[in-house]
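Enquirer: According to Swiss-Prot, the active site, cysteine persulfide intermediate annotation covers 133. If you look up Swiss-Prot, you'll see 283, 309, 392, 393, 394, 414, 513, 514, 515, 538 marked as iminosuccinate binding site. According to Swiss-Prot, the feature [4Fe-4S] cluster binding site maps to 363, 487, 643, an assignment based on similarity to another entry. Under the heading transit peptide, Swiss-Prot lists 1-67.
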């Protein structure tokens, strides 16, 4: 008989002799306590008492009574209140794994929810909410200094979620801090409660994980307080509400200063753009002052677009079709080169393309791909055939052209690189893939595929339908990546930053660009597994934040969402605009719950310029300025808060270009994005050969397959050349 039935029939047992035990007991024996064997941890205890025989009866005494009652607490709290947490976990795992049917596991959770001690209403505050749960979950954590043990209270407005909380409280309430911190989220996977094979399974698994992460974060804080360790300084952040923004810290104040630009400057720029028929395409990473003005000017002149590098050229073509005679590119040089080449291909050679500086606007990543070392890497690694070079879009046309003549090449973005590589492996047997130039992204791709090799075929198929564990394991030794190329911005997310995020922001939403170092990548991937993170492009990051905000608004409860921004701080302008629009719309339409969104800048201690201000009397005052003091300004441990190259795209330069057109073209010759006059080693035009890998990518994005032309290039003999024009 299972424990659930025993609980239901306890009243019956109390009224009748127990059929499970012999009645031949010693008269007047003291009461005995028995525990019925059961996998159900809330115990059913039975007390048997023997009574003297009835003197009026002629029959042998058989009047023992056996009373059973359900005990509404966990066995670990009854007999071994301080049993090791790992031992409790094994008991809990055994219990749930013994339940074959998913519905039985749900019923068990529902029963556990009835055992969870009630939480006082005063603890159900927004500060005690557990982030990342689809239902409301509250957690209160305290520390018993005398016993050196943690105390946990939890509650939820969902009965199933209360069951999850009850299990975790039973494991960790009364545990030492070390025991709490030693438990890993993957340790909970064996409980198999998430294996319901139905809607909501992932969110159920996320509940285990997110409640545990919050328990651990608050445990660390209490232990640090007890040991007298000063709390680490919080990262700067911006809090966005329907009423506006609130910067936290000097760095955030510097960012926020430009989000609400002077209206006269906005009007002046918009009027110039309209008068001169100038379109503007700008990258997310440019200077926040310029972004603020451009974002406001979009309302007055529609031909302004801020995006990642891939979309910039497409928007430039759209602007040319709409009648723009000039395009101003706010980005690094390879972006303006790409815009120039794509406009030419689209039939708009007469449209002028202008950079924002008369000096070179470089890029550490593009420079790495233009080095002799990169071409040597391609020559060495491509000795095996068939081979394909997958090159990051953030490289020059020259790099794409020279590479394509060495190895068949397709470009990629951080949002489509995984699908591009997996599709290539699926379509071309025994393919060798050479990725470059970003070392961090290459390492992260390899790590992702390694993780996939341990997934189930069903999980792998959800990522790419043509792969399984066997195919993923077989492709790992055939994936290669360049070892000496990094973006100086994403290099900042190194050990120091990751340690602080893990310590103080473990329960926040984590966003990371695919180019960040491995530690930050792993941290964000772990968060992604429990629905609390995203790894991808700038557009992926923006979409993730908007989706989480929309979900929160739909829940219609007061909530504070915290996002760690694991990419260049210039993204904040687009984020504030998008989030502010969502919050403002909800506030005006419903007047319901208040949702606030905090964007955290994980700034390395070496990533800011500190300058004294004012007179010598103000020596103790320090201003924190986004960016670096000079040059690239990056330490060995990562120190760029923002891209120094992107910051060359100043508002004054943009105004100068606009004011000089059309009659001052001669003065702007150094600003113009020129066409390539050089040819490839095979004598072809750089623009023609360099654009072909981009066109291959566009075909892949449209069809989800490699173009037939590229497959033919991969399979053809190596000495026949690579481009279609060869």
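Glycine is no exception: its Cβ is also placed from the backbone N, Cα and C atoms.
Can you walk me through where each of these features ends up in the structure?
Expert: Following the DSSP three-state reduction, the secondary structure of residue 133 (active site, cysteine persulfide intermediate) is coil.
In the three-state DSSP scheme, residue 394 (iminosuccinate binding site) is classed as coil. Every protein chain shown contributes to the tally, and the Cβ of residue 394 (iminosuccinate binding site) ends up with 26 other Cβ atoms within 10 Å.
For residue 363 ([4Fe-4S] cluster binding site), the Cβ neighbour count at a 10 Å cut-off comes to 25, with all displayed protein chains included.
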Enquirer: Can you tell which of 283, 513 has the most other C-beta atoms within 10 Å, given these are the binding-site residues?
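Expert: Answer by Cβ density within 10 Å: 513.
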Enquirer: Please report how many Å separate the Cα atom of residue 394 (iminosuccinate binding site) from that of residue 133 (active site, cysteine persulfide intermediate), as a whole number.
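Expert: Cα to Cα, residue 394 (iminosuccinate binding site) and residue 133 (active site, cysteine persulfide intermediate) are separated by 37 Å.
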Enquirer: Whole-number Å distance between the CA of residue 513 (iminosuccinate binding site) and the CA of residue 363 ([4Fe-4S] cluster binding site)?
Expert: 17
Enquirer: Taking the Cα atoms as reference points, how far is residue 133 (active site, cysteine persulfide intermediate) from residue 283 (iminosuccinate binding site) in Å?
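Expert: Approximately 34 Å lies between the Cα of residue 133 (active site, cysteine persulfide intermediate) and that of residue 283 (iminosuccinate binding site).
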Enquirer: Rank the recorded positions 133, 392 by how many other Cβ atoms lie within 10 Å of each Cβ and give me the one with the fewest.
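Expert: Candidates: the recorded positions 133, 392. Fewest Cβ atoms within 10 Å: 133.
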Enquirer: Can you give me the Cα-Cα distance between residue 283 (iminosuccinate binding site) and residue 363 ([4Fe-4S] cluster binding site) in Å, rounded to a whole number?
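Expert: So the Cα of residue 363 ([4Fe-4S] cluster binding site) lies 13 Å away from that of residue 283 (iminosuccinate binding site).
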